[in-house]
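What TrEMBL annotates here:
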TRANSMEM  96-119  transmembrane segment
TRANSMEM  139-160  transmembrane segment
TRANSMEM  181-204  transmembrane segment
TRANSMEM  210-230  transmembrane segment
TRANSMEM  411-431  transmembrane segment
TRANSMEM  461-480  transmembrane segment
TRANSMEM  492-517  transmembrane segment
TRANSMEM  537-556  transmembrane segment
Amino acid sequence: MEEKDVYTEDGTVDIHKNPANKEKTGNWKACRFILGNECCERLAYYGMGTNLVNYLESRLNQGNAKAANNVTNWSGTCYITPLIGAFIADAYLGRYWTIAIFVFIYVSGMTLLTLSASVPGLKPSHCDANTCHPNSGQTAVFFVALYMIALGTGGIKPCVSSFGADQFDENDEAEKLKKSSFFNWFYFSINVGALIASTVLVWIQMNVGWGWGFGVPTVAMIIAVMFFFLGSRFYRLQRPGGSPLTRIFQVIVSAFRKMRVKVPEDKTLLFETADDESNITGSRKLEHTDNLKFFDKAAVESQSDSIKDGEVNPWRLCSVTQVEELKSIITLLPVWASGIVFATVYSQMNTMFVLQGNTMDQHMGKNFEIPSASLSLFDTVSVLFWTPVYDQFIVPFARKFTRHERGFTQLQRMGIGLVLSIFAMINAGVLEVVRLDYVKSHDAYDQKKIPMSIFWQVPQYLLVGCAEVFTFIGQLEFFYDQAPDAMRSLCSALSLTTVALGNYLSTVLVTVVMKMTQKNGKPGWIPDNLNRGHLDYFFYLLAGLSFLNFLVYLWISKRYKYKKAIGRAH
């Protein structure tokens, strides 16, 4: 007789009460739908975002600096809104239903974007050969669509990678190792979508039209939605644990209420639930740590901590696990902050790299010209090459020397990527020096494109791609593993905000640099005519910031202590 599924009180399949459910759900069986969804969603996102700076220049009549800032502002917002989606997922809906709701906002935004580029009256008007002169209404519709997409992606980004990792049982050693591999293949699927976007879709946008150029990504997003829902019966769902922000504030309030209370030397006297399970839904108990001792006061019991029927007032007394949740978040913050400068370097691929490429010879043969935004395909190719190489070769090789099951620790992996990003910026700066030397020696200041192949940009894209495999995938895994169990969406969103702040930092740097360097009638480092500027100085500035950031990161990583969980979640 076939065993029936055993469900938890919220309707999710329980793999611990009936082990047969474990064979039916989760693992790679469920992840193939998640990876398919991610591939198509990223194709849609990059298909619309990779060449966005050129759309803003040619269709909305914006200059170099303004277009670059609008791209980084929007991209930054796309990585801030995940905080909204993550909170909803962890506190109320769970990851599955959060994704399910926000994908429809995403599709609506993509549809409106397509209409804004193709429907008469909505698309930019008064166009000549090179540019258009849109009215305020047309510009408004475009930006409304753009920021609807930013909101839609906010419910997907923080949940999909965590949702995929949820398909592997933390208490099963074999599945736990597969989970580490999942993050590599998750990032691989992202870049399959990005590869198609940076080649086929950018070519369509530059040669067929922006209506088709945005329409195809919209169709890709619809396919992504279909992939996600087709896998529904295979998914393992984690129950939401209630508001993580409430639990954080409870610890802070309780600790300050007991400022004068002395923490006992014997830490076993601190309050913790008596049974094996944590009192936080979906979370395992956490071991006590000796850092940030002030917050241990929240777990010191006193007579005033109980209310009616012996129930504990959570605003007066918190469990050790709840206190350790807050400690985990605080100790993650320095590592989180060190990713901001790396994200600033990464954002240059969609802005300054594209603008630099616009000034170079884009010919492949006599008749075909490659759009400058399409060179990001070399970043994607680099990621697609290094991801399986890392997973299948580097990890087993490194394991022999480090004796670590993953080859490198997550912090070591991220550090390697930070170093590679420095060399990427140095490479871009050297190329710009060579380009400007040609301009100067040939008096080509007013020449739109100089006879220097755009493929000289390839090394800087390859280096950024290699750096991504180490830093961004390391970040995904690090923030999932080190997050408290019931805050994983929130911590995944936190890791994504480094990209947001990296984009905003890029905007600030460009703005400050232009104000500082345009004094006394000078064109500045990044003028509309780059032949009269010094983009190389900007790249060297980023290289210098990246080096300083790496030194700080070394100090942070040496002092970080990894999380230790005990027991099972319920």
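The backbone N, Cα and C atoms fix where each Cβ goes, glycine too.
TrEMBL entries are annotated by machine, without manual review.
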Residue numbers, six or more beyond the limits of the transmembrane segment (492-517), whose CB comes under 8 Å of its CB atoms
65, 68-69, 72-73, 75-80, 82-83, 85-87, 157-159, 161-162, 329, 332, 336-337, 339-348, 351, 475-476, 478-480, 483, 524-526, 534, 538, 541-542
Residues sitting near the transmembrane segment (139-160): Cβ under 8 Å, six or more positions beyond its termini, same chain?
34, 37-38, 41, 45, 48, 60, 74, 77-86, 88-89, 95, 98-99, 101-110, 112-113, 115-117, 122, 124, 186, 489-490, 492-493, 496
Report, as numbers and ranges, every residue of the chain located at least six residues beyond the transmembrane segment (461-480) whose Cβ falls under 8 Å of a Cβ in that stretch; write 'none' if there are none.
161-162, 165, 180, 183-184, 186-187, 332, 335-336, 339, 342, 345-346, 349, 353, 375-376, 378-383, 385-387, 390, 410-411, 413-414, 416-418, 420-421, 423-424, 427, 488, 491-492, 494-495, 498
